[in-house]
């Protein structure tokens with residue numbers, strides 16, 4: 001292969017562009033320039049896609065390596081006895097903690113994983129061109145650093161919702177890594193321009209490379225708080241502190257010691273199964289989703305997810321069907337003992353929540369009104385904390401009845417004053433004088449958020465309004481004659497309905513009657529009264545079922561309705577039998593749930609266990625999850641199919657604990673990076689661009705695309721900005737110290753052994769480094785100002801609308817200035 005301006009062919013005229021290490025492989029001298037430009041551009045983009053996919057494989061190997069744990073033995077509990085603290089004589093508890101320190105893992109393998117294409121390209125380019133300095137590799141490093149710091153930080157700020165913000169928690173670690181990143185670039189400028197202009201001596205290159213282990217030592221010392229005040233770290237799933245919350249309360253984790261905890265899974269599933277229509281498979285899927293979402297994930301995990309998202313690969317985040325997503329959202333909002341808004345299950349609040357929050361809900365889940373009624377009232381009930389104001393919004397939702405045709409659109413804000421328990425809003429119906437069957441529409445309640453108000457929605461946040469022609473008080477009866485419930489279900493939901501009329505307020509009394517099931521032993525019985533307000537036609541009576549976890553025969557009790565008032569009558573179905581089914585097969589059911597949960601978790605793992613699984617996942621759309629595949633997923637899968645199948649033959653992460661996968665994928669990244677370097681050089685030559693411009697534009701942007709998506713995802717998902725910002729700073733430091741320091745050290749050593757000097761013309765990279773250093777100072781200054789000024793929300797990312805837009809405008813302007821001056825300097 002030729003270098004410089006020589007031809008790449010041993011015969012014929014010289015080509016207009018020099019060859020690379022591998023390309024060209026065809027005699028293309030007679031091709032039209034435009035055809036060559038198009039071929040090289042699309043080939044370059046396709047190889048950038050391929051290197052993103054193989055980097056994904058590389059990072060799954062890193063995840064396997066850094067996930068290694070060790071066992072730690074702890075006593076289960078400490079009990080104080082006077083001034084002495086003694087251990088309980090229980091068997092010690094064994095837990096597992098990660099061997100790798102998270103900061104060191106981020107700075108070494110994880111940062112290396114995201115930066116490996118740029119680093120290997122720089123190394124191979126230098127070694128492959130007779131150990132001489134080149135433009136492409138170092139300028140890609142600097143251009144990528146500028147892009148990450150300025151553009152990705154801007155996008156992370158924009159990706160957050162209105163008034164959302166993310167603040168760096170471990171600021172010391174960020175500042176140490178950021179300071180080393182900045183010092184590394186200043187050091188490059190010194191050795192290129194000042195200490196030995198245009199020459200990199202061996203000691204200078206060695207010092208550059210040695211800054212990397214020094215950075216790790218300082219970062220580790222900062223993370224461990226060897227000096228200064230301790231910083232409270234975010235809790236991680238496998239850290240020792242994860243078993244207690246900030247108040248010292250024991251957490252009930254579904255995953256314990258790396259395995260699903262049976263008791264906590266039972267509690268979670270029992271709560272979830274209170275929602276109507278939830279099967280065992282649904283409960284297992286919700287448990288797996290809860291586990292995945294509650295486990296701490298690093299920036300690398302989100303970057304892998306981003307790559308798979310734009311390649312149509314297997315997703316690492318759980319995808320729930322609509323009805324499961326509704327249940328999961330309620331669980332997330334109200335805790336695992338949440339309630340079913342759509343099916344009118346009453347909320348269960350702790351004593352602290354009951355006194356802290358004002359709980360608002362409709363008085364009944366369903367009402368029925370005559371079409372010619374005109375306007376009628378709907379009652380909103382407030383309980384819980386009454387010593388505060390509360391605001392709620394009520395909107396109408398079309399059903400078979402349509403707004404504008406059958407009723408007047410509802411969009412009303414209701415404000416409760418202190419100690420006010422009930423409010424009425426008026427709904428207006430439209431009488432069109434035409435015969436129509438019964439129709440219905442819905443009223444939906446939503447909280448108007450205010451920083452000074454603590455408001456929650458109760459169970460009946462959606463009301464169904466049925467439009468009928470009826471003017472009688474109605475007949476009250478049970479909705480069915482019998483009900484079968486599992487002993488482990490928690491509650492029996494008994495429907496009581498009002499038919500043949502809904503006028504005026506009526507009531508009915510109920511009481512339980514023991515049969516083989518005894519109140520207080522098998523269920524919580526008693527008596528009470530159900531009140532139907534005007535137009536209300538359905539109520540749900542909840543009877544608590546006691547689960548003693550002991551196998552026994554089926555038992556039953558009855559509930560009787562009597563004493564109707566307000567002119568209402570008791571219907572024929574005035575008694576209902578509740579049968580409590582035995583849980584003799586309870587263990588087998590739980591085992592099945594654990595198996596289903598494990599299957600769902602396994603489906604979301606980053607890597608497969610065997611070659612067959614890898615190839616099958618690579619060849620199928622969305623990794624085989626066709627139910628959640630979209631048209632876009634199919635298109636992305638089509639374009640990335642070749643790369644996914646080729647890289648599926650890389651050894652699985654289970655082989656040699658991930659190290660064989662690590663070495664193999666790293667080698668392939670090197671090959672891909674070499675081809676990308678050749679493609680970028682020839683393409684730039686064909687369109688008249690300098691290597692430096694090609695490096696900081698097309699190549700830097702292409703290699704940074706997964707970082708963009710991953711950083712935005714981790715910013716939205718995490719509660720702090722650490723994962724995004726520390727990873728950005730760490731990758732910048734690793735790129736320059738490894739991507740420039742290592743190849744320069746190798747080249748300087750080669751020239752030293754051959755009695756020569758390693759020359760690096762300062763005009764090639766010195767100006768780029770100087771320009772980036774200035775932009776980095778300004779960008780970090782902007783971030784620190786944001787952290788301490790209320791106008792920006794006192795946070796590095798997100799914040800108030802005006803503050804975030806000003807920040808983004810400044811950072812993007814710095815990027816445009818950097819790009820313009822760099823391009824101008826090359827001409």
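Every residue, even glycine, has its Cβ placed from backbone N, Cα and C.
Of all ranges given (173-195, 242-264, 265-287, 288-310), TrEMBL attaches the label transmembrane segment to 173-195. Segment annotation: TrEMBL labels transmembrane segment over residues 37-62 (candidates 37-62, 63-88).
Annotated range for transmembrane segment in TrEMBL, selecting from 202-221, 222-241, 322-341: 202-221. Only pairs six or more apart in sequence are counted, and the transmembrane segment (634-656) with the transmembrane segment (37-62) gives three or more Cβ pairs under 8 Å, enough to call it a contact. Residues 146-147, 150-151, 153-154, 157-158, 696-697, 771-772, 775, 778-779, 782, 786, 792, 799 of the same chain, all 6+ positions outside the transmembrane segment (805-821), place their C-beta atoms under 8 angstroms from a C-beta of that stretch.
Across the domain 'Calx-beta' (348-446), DSSP assigns 9 helix, 52 strand, 38 coil. Using the rule of three or more Cβ pairs under 8 Å, pairs at least 6 apart in sequence, the transmembrane segment (726-753) is in contact with the transmembrane segment (173-195). Packing against the transmembrane segment (140-161) from elsewhere in the chain are residues 118-119, 121-122, 181, 185, 695-697, 699-701, 703-704, 707-708, 711-712, 715-716, 721, 724-725, 728, 731-732, 735-736, 739-740, 765, 768-769, 772, 775-776, 779, 783, 797-799, 804, 807-808, 811-812, 814-815, 818, 822: each is 6 or more residues past its ends and has a CB under 8 Å from a CB in it. Between the transmembrane segment (668-689) and the transmembrane segment (765-785), fewer than three CB pairs separated by 6 or more residues in sequence fall under 8 Å, so the two stretches do not touch. No contact links the transmembrane segment (173-195) to the transmembrane segment (695-714), because fewer than 3 Cβ pairs that are 6 or more residues apart lie under 8 A. Broken down with DSSP, the domain 'Calx-beta' (463-562) shows 3 helix, 63 strand, 34 coil. With a threshold of 8 Å between CB atoms, the same-chain residues lying at least 6 positions outside the transmembrane segment (695-714) that come near it are 44-45, 48, 51-52, 55-56, 114, 117-118, 135-137, 139-140, 142-144, 146-148, 151-152, 155-156, 159, 297-307, 309-310, 676, 680, 683, 723-724, 727-728, 731, 768, 819, 822. If one looks beyond the transmembrane segment (37-62) by at least 6 residues along the same chain, the residues whose Cβ comes under 8 Å of a Cβ in the stretch are 31, 109-110, 112-114, 116-117, 300, 303-304, 307-308, 311, 313, 606-607, 639-640, 642-644, 647, 650, 653, 658-659, 661-662, 665-666, 668-669, 672-673, 675-676, 679-680, 682-683, 686-687, 698-699, 702-703, 705-706.
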